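Undergrad: Pasting the relevant annotations from TrEMBL:
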- 731-746: compositional bias 'Polar residues' (COMPBIAS)
- 747-758: compositional bias 'Low complexity' (COMPBIAS)
- 28-279: domain 'ABC transporter' (DOMAIN)
- 731-761: region 'Disordered' (REGION)
- 378-401: transmembrane segment (TRANSMEM)
- 413-435: transmembrane segment (TRANSMEM)
- 456-483: transmembrane segment (TRANSMEM)
- 489-512: transmembrane segment (TRANSMEM)
- 519-543: transmembrane segment (TRANSMEM)
- 629-651: transmembrane segment (TRANSMEM)
Amino acid sequence: MATNGHSTLQKLVSNDVSTLENPQSSTISFHSINYTIGTQKSSYSLPFMKMQHKQILYDINGVFKSGMNAILGPTGSGKSSLLDILADRKDRNGLEGEVLLDGQPQMPEYKYCVGYVVQDNILSETLTVRENIRFSANLRLSKTISRKTKATIVEHVIEQLGLEGCADSRVGTESVRGISGGERKRTSIGMELVLSPSVLFLDEPTTGLDSSTAHAVLESLHRLSRRGHTIIFSIHQPRYSIFKLFDTIFLVAAGRCVYHGPANSVLPYFSSIGYECEQHDNPADFLLDVTHADTSKNKVNNHELNKKNEENAHRLHDLYIASNVYTLMQQEIKAARNRIVTTATSAVNYHQPSTKSRFSEILYVAQRTLRNVYRNPALITMQTFVPTFLAVLIGLIYLKVDNSESVGVPNRMGAIFFIVVNQVMSNLSAIELFIKERALFIHENASGYYHVSTYFIAKLICDLIPLRIIPSIIFSTIVYFMIGFQSSVAKFFIFYLAIFLTTTCGASICFLSSASVKVFGVANLLAAMSFVLMMIFGGFLVVVSSVGKYLSWIKWVSLFRYAINIITINEFEGLEICPRNNPNNCTMSGTYVINNDAHIQYNNDWDLWYNFVALTYENWFNKTQSGNVGAALFIIGYIGFYGFVIISFFVQQLKETQKQRADLPAYVLKTLWDIPNKNKLYEELADVERLKRIFHGYFSDHESHTETTNEELQTIVDKHYYTDTIPSLSRRTNDVQEQASQSMTPTQTISTKTSIDSSKQDDYDTHFFSVSVV
């Protein structure tokens, strides 16, 4: 028995396609199906948000054997819902009853035993007919089947469906004409037939087709049914030549079965209950007219019409369950329920799930994605031309910027901001990546083509290489040397790495947006809002330390901040700044600009690389959520990312405090740490920076060591800061000194180991004034 059970697989491996000629015949039975939509768990619903329940199907029972099984009914009757339930494509919430395949309940392997063709033709539009069918065969057939055998199966399916003439034609897009609607439908059917499924479901296969094309498609299905396939499909209004192809009819009205039996018995049955079909009337049209209530005498509104249709469906259902047709079908349903299928002949055992490796899935999905990319020349052109154009534009604006303090510094910082904004905003094109293929992904994933993670990884790989890495190389090379950033190989590669991470991080936020919503406009707005908010707190448009604590935390999740920090530190570290009118007298270092003008904390290399770490982690974090890899990975990423943000925040705060202690003279340190209200000074770091500027120049230029009184230091503040720059700070310093003097004894007068040499006083005044103005 087991040998017979695996005979088909052995034939396939030996290049025999007899399975497609004589597939496994199966029976689908369904029992007490009730389906309600709008159901919600009470714990997740609010009183004013509760959804109204609507029952779609009422106690549906039936059986479908090999042949042409049609589900007919008017619009909204529930025929598509019934088809989805039989194909295991509906959410279990609100669903009651059971569906059996050869007497066995639906198992995880069920989707490998059946094929499902959706109403809208979901195909890869840039691939040919043969390539689409081959993609299905490569991913869904067992890995034990050789590549040559798979190719033979694909060619046989093409021949069966009469697709030889268009096998090498692309499916086509809305703007580029491809194959016809009938050929699209047969291609969709062919992608399911490569499995030689025992049961094939189709949702309204004639939708959007003319009568001749629709008949050709149904003729193809009829030939398949004669080879042993169980064909189950919903159909709305077939013409008579199509109606004659049906073996079994399941007529549903308002969610209730009003007839289920042989197609050649449907007209005699309705004649027996008082409904006569005229001689030249289409039987399908006649059946739809029967299921509708007669409203020709009186005009009724929609509510009354629905009520009359439900009453009519109740009456027809009661007449049906009282008929001999119902009694005979109940016997067949009972027999199907009690059917005992041997392991060897069971369809569930016959079609075992594919055992492909994840790597194979990634390979085939990536191969298809790359074909889509290089067969879209407009996309390749724009991804190459736009970065080149913008790089040249930025390079011309900031061409060969000098090292001057008045022009070079602001131009460099403006160029850095422009570059980061451009690289982030240019990724808005990545939003359509998942929205455009959402329907394709949902269908293929439900049909067992691949896992969610493998699809996501393959798409990321194919997006990164042609659309992110190559354009970032072009952009970085042009803009770096045109602007005239520091000529260093190491600095150039750090710059490129920052550009690449900025680009991919921006793309990952777009991925997250497109994976979270279904509408392109909403996803675009969500990503743009995120970018604008991050840009504001990037450190260039506003001094973040001046923003209230209730908003300043946003800087820790701003990719703009990390990217600007990296490029600014990389460019200004080691750079000598000169006065514009004296380029040979470079007295200011780039580090001073980093710490003061750019408001970036930079003491050692970690201050540069922790921005890389944060940018990389934010990139991974967004992509992990976009891929929906799993709840555990999401939680780990969430905790890890924000844990890193919190640790980085406290590390930076500690470094700022240590630097303030090291840079400030004893007088300032003593007043800051001795007064009771010292925390107020630290709430405004800009003022502390100004205090550092006041005393830094003085104490660095005077090496003699004598005591200086508080009054002398106050004179310095009054002379060079109070009168020229910021009166509010001097008044505050005076208050601080007064509080400090009240808390100190005369013996605690501060010794600063510095004296004022009168011969150097003029030099000091000049130097101190220049520092204060900076």
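Just so you know, glycine gets a Cβ as well, placed from its N, Cα and C.
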Undergrad: Between the transmembrane segment (456-483) and the stretches 378-401, 413-435, 489-512, 519-543, work out which stretch tops the count of Cβ pairs under 8 Å.
TA: 378-401
Undergrad: Which residues of the same chain, at least 6 past either end of the transmembrane segment (413-435), have a Cβ under 8 Å from a Cβ in it?
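TA: Distal contacts: 386-387, 390, 394, 397-398, 401, 441, 459, 463, 467, 472, 475, 479, 483, 499, 502-503, 505-507, 509-511, 513-515, 517-520, 523-524, 527-528, 531, 535, 538, 540, 559-560, 563-564, 567-568, 571, 597-598, 626.
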Undergrad: Could you pull the average pLDDT for the domain 'ABC transporter' (28-279)?
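TA: Reported value for the domain 'ABC transporter' (28-279) is a mean pLDDT of 87.
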